[in-house]
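Asks: Below: one structure in structure tokens.
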Amino acid sequence: MASLIYRQLLSNSYVTNISDEVNEIGTKKTTNVTVNPGPFAQTGYAPVDWGHGELPDSTLVQPTLDGPYQPTSLNLPVDYWMLIAPTREGKVAEGTNTTDRWFACVLVEPNVQNTQRQYVLDGQNVQLHVSNDSSTSWKFILFIKLTPYGTYTQYSTLSTPHKLCAWMKRDNRVYWYQGATPNASESYYLTINNDNSNVSSDAEFYLIPQSQTAMCTQYINNGLPPIQNTRNIVPVNITSRQIKDVRAQMNEDIVISKTSLWKEMQYNRDIIIRFKFANSIIKSGGLGYKWSEISFKPMNYQYTYTRDEEEVTAHTTCSVNGVNDFNYNGGTLPTDFAISRFEVIKENSYVYVDYWDDSQAFRNMVYVRSLAANLNDVVCSGGSYSFALPVGNHPVMSGGAVTLTSAGVTLSTQYTDYVSLNSLQFRFRLAVSEPSFSISRTRMSGIYGLPAVNPNNSAEYYEIAGRFSLISLVPTNDDYQTPIANSVTVRQDLERQLGELREEFNSLSQEIAVSQLIDLATLPLDMFSMFSGIKSTVEAVKSMTTNVMKRFKTSSLANAISDLTSNMSEAASSVRLTSVRSVGTITLPRARVSLQVGDDLRSMQDVSTQVSNVSRNLRLKEFTTQTDTLSFDDISAAVLKTKLDKSTQISQQTMPDIIAESSEKFIPKRSYRIVDEDIRFETGIDGTFYAYKVDTFNEIPFDMERFNKLITDSPVLSAIIDFKTLKNLNDNYGITKKQAMELLHSNPKTLKEFINNNNPIIRNRIENLISQCRL
């Protein structure tokens, strides 16, 4: 049978080389993965010997002394020592707060007996008594008066051979050095208003911050060193000193090191990231009440913004990882609203935004180290989506929100429609926010996260502001661009090609001949016959087959097959007899509808959910058991083969995903039969379940206890012609018992006879299965 292709893909082993494994790992995004290849993370191949490059000969030393400054009058900055260095005796400095404090400092040379000298202080001629008994030290004397016309009184002295004194304004006080060197120490004498206290210096001076008080004390006691590192070579006016808060430039290019061929450049950039989510909403076939999938898709977005008066063109790609699958089943009837799967991102999810712009920083982004970024948070709020049902009120899914917080940045490659770009990938972790999301007219409410149904909420884009910095090894010649080698990237975006291929595959369903499909489904398709219609070389077919097997081995079907034993045992034990006692013996569809109220409705829905889970595992059991009957997988493989032959867009890169996806998504509404003498049990993945007699097609009570025993021992058959179709065929056309048995066993010869006779019921059923072969 045609499903042989799926069995071969699962059972055949394959070989691969390490580069294939690395590329495969690189294309998958996983959470909590840190790559540390050394001091540099590169997207290509770094030089074999990468040194630090050329280093400057000189060493920059932060100046200790801020000065010297010319004699002047100023409002001394708070928390700064004013270190005064006079060269001769006389008035050194004076100051006042203009209300109740006037102070002055004079310098007296050695060997001066008690004498009276005249000084000009505060604009007045003042007679002061001074003395200095030392023969080697000079004496600084501090005088203070409390009224404008009061008398100056001596408060403190400092004896030193170095002719250095210092004072400082701090905490509304004036601090001053006193005593004799080398044991002079600081003290305070005045309480003043710092804001209005001016100081006038008659000698050159330096400014030393309070944090370097120990250095100032060393100068007072030991003098200035013979050679000083000063801010100014010669004394300058204090107005040339402008104390400003210096902030790092956000957008700058700094040369770290340089040789003849290479240089290291540090790029600092502010950044505005704008991104959008994309989604896919797929409606199931049938009456129009079912949706098969609502999922997130990668989204490219291009925009411009202004950075330092320069217009920047940027490109982002947004994708998600670690999604959570939800579903909703409103009931067992074909007119009950249901969503087979819809994706929601929550705390365990990640959002990836790949960013590139046309600035110099991205021109040679091949060899990069010291990559860092700081970004703001952003809240993404979901909008509303109305599910348009053919009849009745429309359910509306609305709400949901998550907060995106930066969780790291790494190198990546964006694949646009025309070019691949080395870019930065920003990773965001998620936290759920208010409001929760719900589906109106259902019991699904109060769930937190952001559903894929309308993640942008009619917003043009989401925006994040921040900055990044990196050091890149680039050619010394700015006109030369580093060639980009084949990269091992964090993600490779083939979604555009796959999207176009999916659309083509879905449109080809109408071109498939039903009778030819049955013939093809009975053929033992192997891997090479499956790919025989694809124009390619023999080597390409071998490589393609290997890639298909690798991808198929990680598909949902392959993972489910590996756990078949545990799945079947769990499925069998999950359906309990007690779970359907409240339903009783359900014989007709009308009776089932009449019982769907209150507790009976809830019990029916519980059984429907459990039966749906069992039916999925029945597919696995049938898949591992080869029979001569036709199965859903035979039809699925035949449709796949037909579409591959007709496709014009299939390629070696997209083939593995298409093969794996078809095994998971083709014919989502399947039913399976279990044989029990003259009784057939039929259960569907959509939750429907029937038990009926073979000879009359009359429905009988569904014996759950008997069903539990049969699902582990009896053979499983695909209900290609399901119970409703058989009953409709028998009621309208009448069929023999032999035909009934062959249709129940999905005999391909009998199916083809009905199709060739243009039986509308059988033909419509097969056409419906073909229409369900969608991606």
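Glycine is no exception: its Cβ is also placed from the backbone N, Cα and C atoms.
What Swiss-Prot lists as region 'Spike head' is 65-224. The feature region 'Spike body and stalk (antigen domain)' is assigned by Swiss-Prot to 248-479, with sequence analysis given as support. Look at Swiss-Prot and you will find Cys318-Cys380 tagged as disulfide bond. Sequence annotations record features per position, and here Swiss-Prot assigns region 'Hydrophobic' to 389-409 based on sequence analysis. Positions annotated as coiled coil by Swiss-Prot: 484-511. The feature region 'Spike foot' is assigned by Swiss-Prot to 510-775, with sequence analysis given as support.
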Asks: Is it possible to list how many residues within the region 'Hydrophobic' (389-409) are helical, extended or coil according to DSSP?
Replies: 0 helix, 14 strand, 7 coil
Asks: Mean pLDDT across the coiled coil (484-511), rounded to an integer, is what?
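Replies: Residues in the coiled coil (484-511) carry a mean pLDDT of 55 in this prediction.
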Asks: What number of additional C-beta atoms lies within 10 angstroms of the C-beta atom of Cys380 (disulfide bond)?
Replies: 22
Asks: Over all shown protein chains, what is the count of other CB atoms within 10 A of the CB belonging to Cys318 (disulfide bond)?
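Replies: The answer is 24 other Cβ atoms.
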